[in-house]
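Trainee: Before I ask anything, let me first share the structure, which is written out below as structure tokens.
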Amino acid sequence: MNQRVPAVSAAPAAAPALSWWRLFTSTDHKSIGLTYMGVAAVFLVLGGLEALVMRLQLAVPNNHLLVGEAYNRFLTMHGTTMIFFVLLPLLLGFTNYLLPLQIGARDMAFPRLNAFSLWLLVGGGLLLYLSPFTGSPSQGWFSYAPLSETAFTPQRGVDLWSVALIVSGYGTTLTAVNILVTGARLRAQGMLYRRLPMFAWMAWVNGFIILFALPCLTAVLMMLEVDRLLGAGLFTRGDPVLWQHYFWLFGHPEIYLLILPAWGIISEIIPVFSRKPIFGYEFVAWSSVAIAFLSFAVYAHHMFAVGLGWPVDLAFGTTSMLIAIPTGIKVFNWLATMWKGSVRYTLPMLYAAAFIVQFTFGGVSGVTFAVVPIDWQLTDTYYVVAHFHYVLFGGSLFAVLAGLHYYYPKFTGRFLDERLGRWGFWLNVIGFNGVFLVQHLLGLMGMPRRVYTYPALSGWEALNLFSTVSGFVLGVGLLVLLVNLWRSRTHGAVAGPDPWNGWTLEWLSSSPPRRENFVALPPLHSRRPLWDLKHPDDMDHVRPPRHDRQGRPIRDEEREHR
Amino acid sequence: MPNDRASRTHLGMLAFLASDTVIFLLLVVSNVYLRRTEDHGGQTLLDPAHMLIFSVLLWGSSAVLVLAERQRERRDPRGAGALYLVTALLGAAFAVAQGLEWSHLMARGGTVSASLFFATFYTTTGLHGLHVLLGLPMLVGLSVLSFRGLIGRRAPGVAAAALYWHFVDAVWLALYLVFYVWRGP
């Protein structure tokens, strides 16, 4: 019951071969998107190796592999790399690649600005990795003042670190400008806001978060540099807590700007592999807007232990709990989408399922931090480390991996190898949960974070060793994934334009898409233009009810894969 | 005309300036906040009346720019080009005045590390000065293009550049009031 798409999609695959020169000079959003992902892959290897070295140091108590300042340097580089140069470029890559395709545009609104943003980000990453030559930054990615002041971290690497983040931050801000204008102005005829594909919606809302969050970082980094280079003392004679206010005013929305496009990817994958339109489209869309607002209103929950006073703690505790509502809405909507659908556990869907479980787990441990007394107990323990890795790695990165498997046929015209893919999936899931699940326990037992060693206490050694071993399993899993990504580019099975029987516009174009993306667009009347195209007798905008009175599906879409 | 190029460029500049506003806002807030933690006698070194003269030059440049835009829309490239140049000259005069004021202040002990007031003062006005300096080549470029007749009646990039310059001037109004006029909490 799988009708072929009419002739519009049978456009010739006119994408020219990948060449290095084209990669460096292209202003095409697809080429830029893929370059973002390639850059992120390089940094993922770097950041991952840093993490493994740290885990080796922590494998046994009283270890001497990576002591004191050296450990702090690895810690700083790992955090900075992963947040700014792995997750962010990955998500920007997806946004760049997919946003124009999904809204039926030829390119982003400002293609040359787009390329400029990419190279600013790459330049920032290079600056960051030049810092070891001038003394690696060792103040942590959060760079708390006064620790980050010259008195405590005199090495020049900290200044390079700041400049690296300012430079790449400007790149990201300009990308946000591009995303916002593209979403607002370049939608095809009939692509109303209420018909935007979920990923496009969330990527667009994400543009707002970036636009207002990143300048906070830029401002506070400038202030830090005025302190460090000109001896102003804003955070020493002034107020060290001011750093935390400004930093987290950026830092908390940053978490959401790393997860929102990831949610968008998940919201694309789950409906397609459940053969049902997403449940509660409006709720999924508008909860993103709610999160965009709330993300700025919860920032001080990183500072409960600072001593802001009870009323402030209470206010921010409340808003932090509120954010569980729109987040929960999304999770329940994904589950409801799968409910009574005919779910196909392809590789992307497997990753999406792992995402839901892990992200929900991370979300729930996040709610525990909104309870101020619990936060006081658990802050600066491994419980925090476990929590944010569950959200950012188990959530954000797993969603990106789901997206990679889902969109790989679109990027390259070929499928990822199924057997390697499954090996990679299970190694990643087992490895990831092995590393971080036990860290909840370590945190509850009182093991502090940011320490380079620990005494031989009953229970700590075994769990730490387990965590380290799992870390290497995870490393192998990611390696398998990278090998698969590289090999399948030339060896994978040929996919065709619409391998998953999708519904959004990107599956209309050839794989990989031609330079202008589309030959012609179909009339857009609903949220699933390709469904309408494939089922002219059962179009969404003239749709009958989905279930009969007994709750049995009466539409083909829910039986397609039975 | 939702897909019109003009509205696209304009919107892009608006979005960028919105994010720029956040930076200025945080820097100004840090000044206001840090004034409470330290005696800010340093502010008496500033001379509001003296700076007002040069501020009026900057604000006046915005008015000239409005006239220039009007000439451009009336298809008078030479007039518009001349007015763009005047705008740039007024902006340059302001930048020079600010530089002189800075050296004057530093000579009298108002250095970055002298007090938190001055630390935030230099950070904020410095960032604003950087915006002025970035705007100047833009205005000169507009003038050259206009004299060569390369700017049409509807020029989205030009309108966006003008928007930027007006923004820079508006920010200065806020900075002037906070740093020079307001005596603090």
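Glycine residues also receive a Cβ, built from the backbone N, Cα and C atoms like all the rest.
According to TrEMBL, the protein carries these features:
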- A:14-525: domain 'Cytochrome oxidase subunit I profile' (DOMAIN)
- A:32-54: transmembrane segment (TRANSMEM)
- A:74-99: transmembrane segment (TRANSMEM)
- A:111-130: transmembrane segment (TRANSMEM)
- A:160-181: transmembrane segment (TRANSMEM)
- A:201-226: transmembrane segment (TRANSMEM)
- A:246-266: transmembrane segment (TRANSMEM)
- A:278-302: transmembrane segment (TRANSMEM)
- A:314-336: transmembrane segment (TRANSMEM)
- A:348-372: transmembrane segment (TRANSMEM)
- A:384-408: transmembrane segment (TRANSMEM)
- A:420-442: transmembrane segment (TRANSMEM)
- A:462-483: transmembrane segment (TRANSMEM)
- A:530-562: region 'Disordered' (REGION)
Trainee: Please check if the transmembrane segment (A:278-302) comes into contact with the transmembrane segment (A:201-226), where contact means 3 or more CB pairs closer than 8 Å and the residues in each pair are separated by 6 or more positions.
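Mentor: Yes, the stretches contact each other.
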Trainee: Checking distant contacts: for the transmembrane segment (A:111-130), what same-chain residues at least six beyond its ends satisfy Cβ-Cβ under 8 A?
Mentor: 25-29, 32, 35-36, 39, 43, 46, 77, 80-81, 84-85, 88-89, 92, 96, 160-161, 163-172, 174-175, 177-178
Trainee: I'd like to know the mean pLDDT over the domain 'Cytochrome oxidase subunit I profile' (A:14-525).
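Mentor: Mean pLDDT for the domain 'Cytochrome oxidase subunit I profile' (A:14-525): 94.
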Trainee: Six or more residues beyond either end and a Cβ under 8 Å away: which residues meet both conditions relative to the transmembrane segment (A:314-336)?
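Mentor: Sequence-remote neighbours of the transmembrane segment (A:314-336) are 263, 266-267, 270, 278-280, 283-284, 287-288, 290-291, 294-295, 297-301, 303-304, 356, 359-360, 363, 366-367, 369-372.
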Trainee: The transmembrane segment (A:462-483): which same-chain residues, six or more beyond its ends, come within Cβ distance under 8 Å?
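Mentor: Contacts of the transmembrane segment (A:462-483) (Cβ under 8 Å, skipping residues fewer than 6 from its ends): 41, 44-45, 48, 51-52, 55-56, 58-61, 401, 404, 420-421, 423-436, 438-439, 441-442, 454.
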Trainee: Short question: which residues 6 or more past the ends of the transmembrane segment (A:348-372) have a Cβ under 8 Å from it?
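Mentor: Distant Cβ neighbours of the transmembrane segment (A:348-372) are 262, 266, 269-270, 273, 301, 304, 313-314, 317-318, 320-321, 324, 327-328, 331, 334-335, 378-379, 383-384, 386-391, 394-395, 398-399, 401-403, 405-406, 422, 425, 428-429, 432-433, 440, 500.
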Trainee: Would you kindly list the residues that approach the transmembrane segment (A:74-99) from elsewhere in its chain, counting only those six or more residues past its ends and only Cβ-Cβ distances under 8 Å?
Mentor: 29-30, 32-37, 39-40, 43-44, 46-47, 50-51, 53-54, 66, 105, 108, 114, 121, 124-125, 128, 136-142, 161, 165, 168, 172, 175, 179, 182-183, 199-200, 203-204, 206, 254, 257-258, 261-262, 265, 392, 396-397, 400, 403, 407, 411, 450, 506
